[in-house]
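Q: Below: one structure in structure tokens.
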Amino acid sequence: MATLSAKPGQRFSVPDWHTSSQLLSADAERQRSASHRVRQEARALRNDTDSQTKWDKQNNQTRLADRISSVSRWKERLERCLADIDAEIDALAKVKEAAESALQAKNLAWEVSIECLALRERRRTPDLVRDPVEEELHKEVKVIDKARRELQQKVTEAFQQLCHLQEVRQQLSCDHRHKMEALEIDHICLSLDVDSPNISFKVSPTRVPGRSATLDEWEGHSRDNKEQAEAEIKASSQLREAAVLTIAQTHNQLEAQRVATEFAFRKRIRDMERAYDELKWQEQNTLEEVAEQEEDIRRLGEDLRRKAEYLKVAHTRLETRSCRPGGELCRDQAQYGLTDEVHQLEGTIRALRQKLAESQDTLDALYRQLHRTQTDLGCKANSLVLDNKCMDSRRKLVVPAEKFVPEVDTFNRTTNRELKNKQLELA
């Protein structure tokens, strides 16, 4: 038989064995109960946290969608506002260009008025007068200066308003661009889930970023930008209306003054033409009177010479009869007749000489008057030429410069030719 290699362990009694089994069973029961309780609590926690997580995700999805909707609405408002600002900028720029064109037209009108005044300064005495035409030209210069100042002011105001609109548009554009970026970011956040790539833990994700604003501040900022843009659009619209009204008013004022000035020019030209025709008639009559007076002077001279011959005859007869001899030297009727003839001829000669001197004085006066008339004709011809040149210059105010062709000054050529002929006659 084989022998035991080692001494057996301590032996327990049967009651101890039963006690040990009962304790082991009790411990197992207690552990199972604790495990069951933990499992139930874990299941409840899982259910609760799963529901909470889903609701939180759903709520945040809704919040993100609402935020996207809110930002989208503001983005659309800003887009409409930007479109309105762009339209207003274009409209104001066109009005500014129109005001600049009107100002340029006023510069042309001012130059024409100054040119007319300078041309009329070349009139000669006695036509160098301050007539209604000159008064209307001075009024026109004042009207043009006032219109130029008003238009220049509107151009300056339009330029400044365009700068304000561009500044506001820059702010709106920046706000719109930021909202576009925010929408893109929120759309990305809305599309993220647990299966999305590039999700990871971040360092201090719950921190509040610097320079972050509250929701009221954000909305107030956008609202302020929109209200400022609307205010600038309203101011620009009012400025456009005022500028258009100023352009129309200055155009009407200048047009009315231009019509008045040209009416005065036409009336003055008609008056000058009538005066010129009257002077021409006077010149012609004076020339005829000069010719007749010269002829009468020539005839008076001939009569005076004939009367002197007759006086010589009477003197010779009387002298010859004084040589009669003796008693023949008597005062007979022939003697008395010859004596009366001598006295009559001497009186006639005196009267003829006096009348000849008077006629010569009259002829000299006619020549002086003719010279004054022809000088005045030259002045009026010069004035008519200058006024017609003024009217030609003023055609540039109603006819485009590229289509402006001065009319042939037939009056100037005719009057100059006539004046030269008269000067040659006088010489």
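Note: Cβ is positioned from N, Cα and C throughout, glycine not excepted.
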Q: State the residue range annotated as coiled coil by TrEMBL; the candidates are 191-229, 269-307.
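A: In TrEMBL, residues 269-307 carry the label coiled coil.
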Q: What else in the chain is close to the coiled coil (269-307), if you only count residues 6 or more beyond its ends and a Cβ gap under 8 Å?
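A: Counting only partners 6 or more residues beyond its ends, the coiled coil (269-307) has Cβ contacts under 8 Å with 127, 345, 348-349, 352-353, 355-356, 359-360, 362-363, 366-367, 369-370, 373-374, 376-377, 380-381, 383-384, 387-388, 391, 415, 422.
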Q: Averaged across the coiled coil (342-369), what pLDDT does the model get? Just tell me the whole number, please.
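A: That region's mean pLDDT is 92.
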